[in-house]
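Step one of this worksheet: look at the structure below.
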Amino acid sequence: MSIALFLQRQWVRALLALFFGACGTLAYSPFDHWPAAIVSLFGLLSLTLNRTTKQATFIGFCWGMGLFGSGINWVYVSISEFGGMPTAINIVLVILLAAYLSLYTMLFAGLLARLCPKATWWRLAIAAPVLWQLTEFLRGWVLTGFPWLQFGYSQINGPLRGIAPLLGVDGITFILMAISGLLVYACYQRRIVAAIIALALLLLPWPLRQIQWFTPEPERAVNIAMVQGNIAQSMKWDPKALITTLQIYLDETRPFMGKAPIIIWPESAIPDIETDQNTFLTMIDGLMRANHSSLITGIVDAKRQPEGQGYQFFNSIIVLGDKDTYQYPTRNRYSKHHLVPFGEYVPLESLLRPLAPLFNLPMSSFNRGDYVQPPLTIAGFNLTAAICYEIVLGQQVRDNFRPETDFLLTISNDAWFGHSIGPWQHFQMARMRALELGRPLLRSTNNGITAAIGPSGEILAQIPQFTQQVLEVKVTPTTGITPYARFGSWPMWIITLVLGAFTLYCAIRGRSDKH
């Protein structure tokens with residue numbers, strides 16, 4: 001049997017789809033092999049050629065299982081450590097999550113085969129990027145969304161990184177799909193022109209890396225200290241460990257008071273209700289002010305509801321030691337808007353909470369803050385804030401960005417995911433936000449990766465994971481507005497709409513030619 005005939009078998013293509021999907025994980029941190037993104041997408045597009053809609057749909061699902069099964073397996077760490085369920089059930093839950101995310105790649109492959117059954121250039125170079133943009137949007141929106149593992153992030157160190165300040169991560173993903181499609185067309189139809197165009201799309205954006213969309217302000221450079229407490233997740237919400245936790249952060253902070261005007265503690269560094277820590281917060285506020293430093297810290301806010309309706313809890317950031325003396329409730333604060341299902345709130349709460357510890361984790365009853373909130377002000381600087389998972393949401397970060405923003409800030413606690421690849425992927429996505437908006441980004445975490453990122457997405461300084469130490473770094477604020485900061489995703493959606501209309505025209509004309 002020839003290799004060509006062997007590759008026509010559906011089960012062979014399904015297995016290859018799993019392989020090519022898994023290859024895509026190598027494009028992301030900590031591996032950072034950006035060409036793997038093109039290889040993975042090339043595999044998806046080539047394997048769905050000459051397939052019926054049903055066959056292509058299954059291949060798309062298998063490819064998604066390869067990508068998400070390997071790329072988000074870090075979810076298993078938190079489920080197994082804190083979910084309180086048998087190993088078999090933990091594995092099944094991770095498979096179910098990967099299967100759910102694979103529904104979107106399945107939808108992509110099915111629509112592509114249905115609308116464009118022939119291996120034409122417009123199917124591979126135009127229809128594929130358009131449909132991918134649409135299905136990726138759905139993945140980031142349906143059921144609150146999970147826009148993890150977008151291929152554009154793989155280019156943070158790649159040749160297409162210069163696209164980010166123009167069109168954001170979606171624009172990079174769009175071009176990657178077009179390049180992959182052209183390469184498939186070049187191989188399948190033996191058209192050297194398609195390969196040349198693909199190479200041009202890959203290399204022509206390279207000079208864009210040299211454009212500086214921002215203006216540094218070296219005269220305003222400031223020393224910043226970010227404290228990495230390395231508190232074990234098992235101790236995080238233990239009332240018996242509260243005093244020890246606060247003492248760790250205070251002891252690590254003292255040497256930098258008066259030395260660093262801005263000191264940052266990570267997400268829920270103070271693992272208690274804000275009003276219950278009034279004495280401690282007042283003491284820290286006075287201590288900071290006396291030493292001419294200011295502190296940003298994560299904490300839990302509880303707001304009493306009227307008419308005996310209890311409290312609303314918020315995952316918040318507050319500022320201490322700045323211009324105004326601390327007195328609850330301060331106005332200089334940020335409350336997390338995009339909450340993580342099961343981690344910060346539980347859907348169908350009354351039904352699911354009794355079933356297993358996974359659905360009844362500590363502090364999993366948060367409420368949303370406003371979608372758009374004013375920047376934090378500290379030591380004369382404006383910071384656009386995002387807590388943990390929110391830094392993945394490019395549109396939300398952009399919508400909160402202001403022309404007067406000096407720094408981006410994200411605080412996080414990735415202790416849930418242990419020594420897995422999850423924190424590295426999270427870190428990579430944070431770097432993209434700095435590149436898109438042309439601002440330095442300060443990332444303070446409980447156990448890593450704590451880092452300062454430059455306005456071009458470069459790593460200025462970082463400290464190792466799973467260590468208790470402080471990152472001290474001098475960071476220069478920037479001004480200026482990138483095209484992406486000014487226009488957001490609108491240019492990308494206009495491109496998608498125009499090329500989508502062209503795709504529909506070609507599909508309708510192709511069907512009429514048949515008849």
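If you go along the chain as it appears here, the first residue is 1 and each next one adds 1.
Any Cβ shown, glycine's included, is placed from N, Cα and C.
Taken from Swiss-Prot, the feature active site, proton acceptor covers E267, and the record attributes it to sequence analysis. With a cut-off of 8 Å between CB atoms and residues at least 6 apart in sequence, the same chain places G298, N315, I387, C388, I411, S412, N413, T445, N446 near E267 (active site, proton acceptor), listed in sequence order.
Taken from Swiss-Prot, the feature active site covers K336. Around K336 (active site), the same-chain residues six or more apart in sequence whose CB sits under 8 Å from its CB are F314, N315, S316, E344, F366, R368, G369, I387, C388, E390, listed in sequence order.
The feature active site, nucleophile is assigned by Swiss-Prot to C388, with sequence analysis given as support. Secondary structure at C388 (active site, nucleophile), as computed by DSSP, is helix.
Per Swiss-Prot, domain 'CN hydrolase' is recorded for 227-477, and the stated evidence type is sequence analysis.
According to Swiss-Prot, the transmembrane segment annotation covers 14-34 (among others).
If you look up Swiss-Prot, you'll see 59-79 (among others) marked as transmembrane segment, on the strength of sequence analysis.
Counting same-chain residues at least six beyond the ends of the transmembrane segment (91-111), those with a Cβ under 8 angstroms from any Cβ of the stretch are 21, 44, 48, 53-54, 56-65, 67-69, 72-73, 75-76, 79, 83, 85, 131-132, 135-136, 138-139, 146. Marked as transmembrane segment by Swiss-Prot: 91-111 (among others).
Under 8 Å from some Cβ of the transmembrane segment (124-144) lie the Cβ atoms of residues 45, 101, 104-105, 107-108, 111-112, 115-116, 150, 170, 173-175, 177-178, 180-182, 184-185, 194, 197, 338-339, 341, 393, 492, 496, 499-500, 502-503, 506-507, all in the same chain and six or more residues away from its ends. The annotation transmembrane segment is assigned in Swiss-Prot to 124-144 (among others).
Residues annotated as transmembrane segment in Swiss-Prot, with sequence analysis given as evidence: 163-183 (among others). Counting same-chain residues at least six beyond the ends of the transmembrane segment (163-183), those with a Cβ under 8 angstroms from any Cβ of the stretch are 37-38, 41-42, 44-45, 121, 123-126, 128-129, 132-133, 136, 150-155, 194-195, 197-198, 201-202, 205, 208, 211, 213, 394, 398, 432, 435-438, 457, 482-485, 488-489, 491-492, 495-496.
Within its own chain, the transmembrane segment (192-212) has Cβ neighbours under 8 Å at 121, 125, 159-163, 165-166, 175, 178-179, 182-183, 185-186, 456, counting only residues six or more beyond its boundaries. Among the features that Swiss-Prot reports, transmembrane segment is placed at 192-212 (among others).
Sequence-distant contacts of the transmembrane segment (488-508) (same chain, six or more residues past either end, CB-CB distance under 8 Å): 115-116, 120, 122, 126-127, 129-131, 133-134, 166-168, 170-171, 174, 395, 398-399. Among the features that Swiss-Prot reports, transmembrane segment is placed at 488-508 (among others).
Other Cβ atoms within 10 Å of the Cβ of C388 (active site, nucleophile), summed over all protein chains shown, number 25.
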